[in-house]
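Read the structure below first, then the notes.
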There are 2 protein chains.
Amino acid sequence: MAADITESVPVSPWWGWAPPTPGGALSDGTLAVLAERLGVDAAAARRPGVLDTPPAEPPGESDLTPPALSGEALAALAAAVPAGAVAQDPATRVAHAAGKHTPDLLWQRAGTPLALPDAVVRPGTRAEIPAVLAACVAHGVAVVPFGGGSSVVGGVTPLAGDHHAVIALDLTGLSALLDLNERDRTATFEAGVRGPELERALAERGYTLGHIPQSHQQATLGGYAATRSAGQASTGYGAIAELITAIRLETPTGPLALGGHAPASAAGPDLRHVVIGSEGTLGVITEMTVAITRKPTAKAYGAWAFPSFEAGAEAIRALAQDGAAGDAPDVCRLSDEEETELTLAQSGGRPVELLRRWLRSRGIETPALLLGVWEGSGSEPKDRFKRARRILRAHGAVSATSAPAAAWDRGRFSSPRLRDELLTIGVLVDTLETAATWTNLAATHEAVATAIRGALASGPGGDAPSAVQGHVSHLYRTGASLYYTFIARAEADPIAQYERVKRAANEAIVASGATITHHHAVGTEHAAQLPAEIGEQGVRILRAVKRELDPTGIMNPGKLI
Amino acid sequence: MAADITESVPVSPWWGWAPPTPGGALSDGTLAVLAERLGVDAAAARRPGVLDTPPAEPPGESDLTPPALSGEALAALAAAVPAGAVAQDPATRVAHAAGKHTPDLLWQRAGTPLALPDAVVRPGTRAEIPAVLAACVAHGVAVVPFGGGSSVVGGVTPLAGDHHAVIALDLTGLSALLDLNERDRTATFEAGVRGPELERALAERGYTLGHIPQSHQQATLGGYAATRSAGQASTGYGAIAELITAIRLETPTGPLALGGHAPASAAGPDLRHVVIGSEGTLGVITEMTVAITRKPTAKAYGAWAFPSFEAGAEAIRALAQDGAAGDAPDVCRLSDEEETELTLAQSGGRPVELLRRWLRSRGIETPALLLGVWEGSGSEPKDRFKRARRILRAHGAVSATSAPAAAWDRGRFSSPRLRDELLTIGVLVDTLETAATWTNLAATHEAVATAIRGALASGPGGDAPSAVQGHVSHLYRTGASLYYTFIARAEADPIAQYERVKRAANEAIVASGATITHHHAVGTEHAAQLPAEIGEQGVRILRAVKRELDPTGIMNPGKLI
């Protein structure tokens, strides 16, 4: 059975993605690949230090900087929310100290978060938020809106900027379904609703949002909007920016409510797109209305191999450009040769051996694997699958049975858990992404993968083995996304190792003329590259809007711009 | 044969849409309906006054206010462009004095334009534009970017604002195809290219933009972007905002180049959406890249009748919401009972009599007609048509043969020409539009039509006959557009008559919670309603962006905000 998108998981622990999987999350196949490719003996690799098994208890009072929040500010915040909604205990502060990119987890595991919120405020109703913001303006306190805390770009790092203190504004108490309009096929939620909870509320009425990023089990709807997120099925359902019909932002200078009058409008610039992607720098997204779809009752899976990543890219380009509407799958993933090899090696066994033999018989030695999932009802997914298959075959696709696509669907939320276990055995792993036009796609893919490999090879330990794998995960008429996973034995300073990789990748992306981020957002991680993307004039526009809505600059300092 | 979208027409004359159609544009059917419904005898109705046949010559030097432009400003402008590119002759000034809504035409016909540009500057290259803007900043001259001049909301009225003079910046000299990238399926054009010219350049390579508003034969690509336009086939191809992948704006404080790095990005707010719909108030759109599609080689037409507009709306809602991707037609128009009746009455003849009889036999007395056009290649349009037909039939659609849809396609660009002739015979006609959610659609349609009827009936002449017809022309999952045509005998002061109608309609739209404009834009006509749409906070954002990019406020004063 495919992963259930209504299946909730506990809120992330402070040191990782999810509580440990009983029996461990690493399969025998994964362990074998680690041993063979990276020379990592998992059993022997559990070693002390920053990569040690996370401690059962977070740092205590004495390990942390005391909260900087002034007495007046604390009193004003306490007056803005019900009793108990302002917390300063170490566990709550540490749980809101970081997002989930690998440096965040390493800092957290070491008990040395980059920064700590001076308090965590958890409103119980939307009506409390203006008072919280007013208190922060009055007392010079920075505000970091905090949803699922799943940012992988430093988007929730509690930086105080020019202010005397910083709070994390935990929005997960605001998770109500406010309205479900079946005639309009829209649903209005409070912004703090997490992915599975949102899908459960819709599923009870027979609907889905269809926006399922890998972070789905932790992330919130508000976070999706703030980061201009794209789900794994965005090829079919559209990215979050296409799904939001109305959005409400509470700013330090008052509310901003946009959209909802009509499905489309020519009444000036579409300011929803200023809020979407604003990453908490303009205000707090408190509620939004999203377009919903009937929950699919049927799926078709397809997997094909191509002689190379480039050949596969040509085939999916034809599908996106010359296929009829709906031919492209809802989920479309084309792995490069390295990712395909690692996937097959981890699966292993007789079926994989037969598949390799079959592909060799068709002249494919180093396959690039394409997975597609078509969703809908009745015969529609299968019909669309057949139309797509015709185009793909005409471009050299060789069937690889549907099994790899179904397997992907089952395991689609597992990777972030694997990272926790890999870190524990001294393996550094993380992901990064971009998107490019079709013209630039192959060159960008090559440049970025080469940059990551080069950065990993240039460590103090010399040319240690690593794996750098990539795939296309979002398909458009004019181009596609590129997503990379890099895996290597952790160096003595794994954060420096990570930063070396990230710097090299960012440089390669900018030099390729691609976008610095397709769906992870900017945060602190990509802020230096934003001017290359939108120009100095674009940055000036963002600053002008921020000055207008947040004149004292309390909203999420140090992010985006 | 359907209207050829590469077919150019002469640039609009100063007094109307197009030069007179030889033999007249009004068919016998139209004349009969005018006589029967409005009591207008066309032959007898040619009468002197503001509605007289437009004079052959525009007003001369002595009829016009002399240009206010200072000598220094004129010299600076002349230095910014090649010789001959700055014009102040009466004919050129009058030709750039107005857009094309009915009051514009009435003022122009009367030789009393609302305002006149003090000069018309027509750059020959994009590189000249920064110097033109610098001259205008230095000498306090307002700038109205002028493309096809087809605004129906006062968007190109040459208002000087706080400045001593105003120029029209005629962009139609900038019409080059700069790049056609077949791999990316994108084309980059200079912004002044008119619709037919653009389609001709693409057709030579086998492509189309698919953005075909009724203004297509006059309007420019830059105008499409500036007004956040939607074409008649937007249900299939998407509105202009969805087709623009990159856009460049020259502002008084420098260039702003956005997009083009990738098909999608999460690098902060999508600032293209601040430029799209900015109506010349932030700067001059000089070039843009748009997504293109293979030119369709096959079409399927369908037409169905429903017992009422509401029943038809329910059927197209099902098509939009429960149809598979591509089931909805590229062009989708559902006429209300009044529009259907007038369309049938104008066609007349034996086929219409048979159709009426057939519909009556199926219990349909006052039909609401749905037209659909599906475009593509091979069997695809027909396949999509068949899938759509299944859904429409399940919702009570009765076939009306495909003839009405094919007839619409043939005549799709004719209405603006009809208006010229109707004005000449003393008939006031214009259109207005909105969009609403499905929940609000029927009530909005009723409220707006009633408001227009009421306003027409409340004239000095008492309850004179009129026709108010409406249709849905753009289909979305969450709602649809509504488009109205109103026709009445012109009162002695037809501008006051128009304004009475427009005021009543605007009030009804705002009271209904619908959008003040789906695709005509804001201009001067809807500026008062913008705060109801985006809130005071939204207006403040627009002002802040304008202050940043255009600190002296030279760009298109009095429009949008």
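Including glycine, each Cβ sits where the backbone N, Cα and C put it.
Note that the coordinates shown come from a computational prediction; the quantities given were computed from them, not determined experimentally.
Taken verbatim from TrEMBL:
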- A:45-68: region 'Disordered' (REGION)
- A:113-295: domain 'FAD-binding PCMH-type' (DOMAIN)
- A:Pro145, A:Phe146, A:Gly147, A:Gly148, A:Gly149, A:Ser150, A:Ser151, A:Glu279, A:Gly280, A:Thr281, A:Leu282, A:Gly283, A:Val284, A:Ile285: FAD binding site (BINDING)
- A:Arg333: site 'Important for enzyme activity' (SITE)
- A:Arg419: substrate binding site (BINDING)
- A:Tyr483: active site, proton donor/acceptor (ACT_SITE)
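TrEMBL feature annotations superimposed on the structure.
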{"residue": "A:Pro145", "record": "FAD binding site", "CB count, 10 Å": "27"}
{"residue": "A:Gly147", "record": "FAD binding site", "CB count, 10 Å": "29"}
{"residue": "A:Gly149", "record": "FAD binding site", "CB count, 10 Å": "25"}
{"residue": "A:Ser151", "record": "FAD binding site", "CB count, 10 Å": "29"}
{"residue": "A:Gly280", "record": "FAD binding site", "CB count, 10 Å": "27"}
{"residue": "A:Leu282", "record": "FAD binding site", "CB count, 10 Å": "27"}
{"residue": "A:Val284", "record": "FAD binding site", "CB count, 10 Å": "26"}
{"residue": "A:Arg333", "record": "site 'Important for enzyme activity'", "CB count, 10 Å": "25"}
{"residue": "A:Arg419", "record": "substrate binding site", "CB count, 10 Å": "24"}
{"residue": "A:Tyr483", "record": "active site, proton donor/acceptor", "CB count, 10 Å": "22"}
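Spread of the FAD binding residues is 20 Å (greatest Cα-Cα distance among A:Pro145, A:Phe146, A:Gly147, A:Gly148, A:Gly149, A:Ser150, A:Ser151, A:Glu279, A:Gly280, A:Thr281, A:Leu282, A:Gly283, A:Val284, A:Ile285).
Closest to A:Arg333 (site 'Important for enzyme activity') by Cα-Cα distance, out of the binding-site residues A:Pro145, A:Gly149, A:Gly280, A:Arg419, is A:Arg419.
Under the three-state DSSP scheme, the residue listed as 'substrate binding site' falls in the helix class. Note: the Cα of A:Ser151 (FAD binding site) and the Cα of the residue listed as 'active site, proton donor/acceptor' are spaced 16 Å from each other.
When the Cα atoms are compared, A:Gly147 (FAD binding site) and A:Tyr483 (active site, proton donor/acceptor) turn out to be 24 Å apart. In this model, the domain 'FAD-binding PCMH-type' (A:113-295) carries an average pLDDT of 97.
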